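The following features are taken from Swiss-Prot:
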type	residues	note
DOMAIN	67-316	domain 'Radical SAM core'
BINDING	81, 85, 88	[4Fe-4S] cluster 1 binding site
BINDING	87, 135, 187	S-adenosyl-L-methionine binding site
BINDING	312, 315	[4Fe-4S] cluster 2 binding site
REGION	503-525	region 'Disordered'
COMPBIAS	514-525	compositional bias 'Polar residues'
């Protein structure tokens, strides 16, 4: 496979250079269809209405492809909550846990707006501002909508989102629509109050605390009503569901059907996070989360009904950056107060045009590799999972030792698709390999036949091979899906020639708890 020639975003050093390159390309990439010009992926999928594509094409949560290129941020202006979930424990000054409901500091709407402008100026591919806590945005409506007002006045190009439990949602539909909030996420874990009572100890509704089945029934009815009202307004709705083995894991298939029938655009089934150190009811009671195999099986079962989101990172309520990274420490209130923030919409637009060129090149590369696969692959049903070390842009561009998460792709004769991610402790710490960390890495990708990396040291390479995971660095800096397909074709050839024997892999762990990582540029390990 020949190296792809492209203009890398990381090569842009100044605004002058950026604008020169945009002018050179006239803001558009060129597709592989007879050289016909098109602005990145602006045409959208054939099965998606143009107005929907405009809403999702650069939204990293609503588009799996977009999450490789575009960033999001959350602002923590909503500390209060109107329900209690057994999987949640809100923390307001926590820096070392990566999960919903956790922030390092609470913000006023004015502080939040300045933070958004600072981030947007520093990370021009940040396209989405979401309010997701640490409580519920609609249990804090004044702060939530004041924040939206301040941001929309100065930065109308930034998409506004909120994530809610849905209890107060029907009361705020008009205001949500008035602020042009095009994306709302509702966390829906049940459509049967008998099951819901084991997830929600209480809700606070109409100045009264409700418990048991009554609480679950009210919450369910309000969630379904809110979803129906949003879809009637043309607002895209994503439904988040937490998979809790033994409680709602089988029931989530029914949830999937119920939300689809009410117009939900996307369903995101997430694994329960129940590490005891988080202090949740489920965590302290020993409720386990699902294995990687269990989670994928449920997602696969629901995929035939509607679009499934598999790239969720269950991020903090103050997350900043690409999905899978968190740059919030760069934008603390103290640091932002010292900044001179000037919002430059023209610069952001020019930068994002370059992102679209990169996406167009990626799509063309995948299509070319897919065509070759169709010509040579058999129909035996053989499929593999492949782990990928990446730091963004849809490329195999991360050193094995510096990875804090692997992206997981499933590949077969039908092509490749993203099916999830696995958090890991960084193997390279202070320039040296940590054997304990390597063990967690192996457990996290144990169901994968290979791991694609930009670079890997001899010791971890040997250890991976011993457990049957093939480390592959020959696709360094190439597009991920193109590389995954190329690896699969090579794998098929080796199986056919008798060089290797295909053997199924086992299950893998889903990482929980805080990250254990250090910032290191060492190439050791």
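From the backbone N, Cα and C atoms, a Cβ is placed for every residue, glycine too.
Residues within less than 8 Å, Cβ to Cβ, of residue 187 (S-adenosyl-L-methionine binding site) and separated from it by at least 6 positions along the same chain comprise 163, 164, 165, 166, 239, 240, 241, 242. Other than the site residues 81, 85, 88, same-chain residues with C-beta atoms no more than 8 angstroms from the centre of those residues' C-beta atoms, the [4Fe-4S] cluster 1 site, are 83, 84, 87, 89, 90, 101, 135, 136, 165. In terms of C-alpha distance, the listed binding-site residues 135, 312, 315 place 135 closest to residue 85 ([4Fe-4S] cluster 1 binding site). In sequence order, 78, 79, 80, 81, 82, 90, 101 are the residues near residue 135 (S-adenosyl-L-methionine binding site), counting only same-chain partners six or more apart with C-beta under 8 A.
Just so you know, of the binding-site residues 85, 87, 88, 312, 315, the Cβ with the fewest other Cβ atoms around it within 10 Å is the one at 312.
Each of 81, 83, 85, 88, 100, 101, 133, 136, 165 belongs to the same chain as 87, 135, 187, is absent from that list, and has a C-beta within 8 angstroms of the C-beta centroid marking the S-adenosyl-L-methionine site. Summarised as a single figure, the pLDDT of the domain 'Radical SAM core' (67-316) averages 91.
The number of other CB atoms found within 10 A of the CB of residue 81 ([4Fe-4S] cluster 1 binding site), across every protein chain shown, is 22. Annotated pair residue 312 ([4Fe-4S] cluster 2 binding site) and residue 87 (S-adenosyl-L-methionine binding site), C-alpha to C-alpha distance, rounded: 17 Å. Farthest C-alpha pair in the S-adenosyl-L-methionine-binding residues 87, 135, 187: 13 Å apart.
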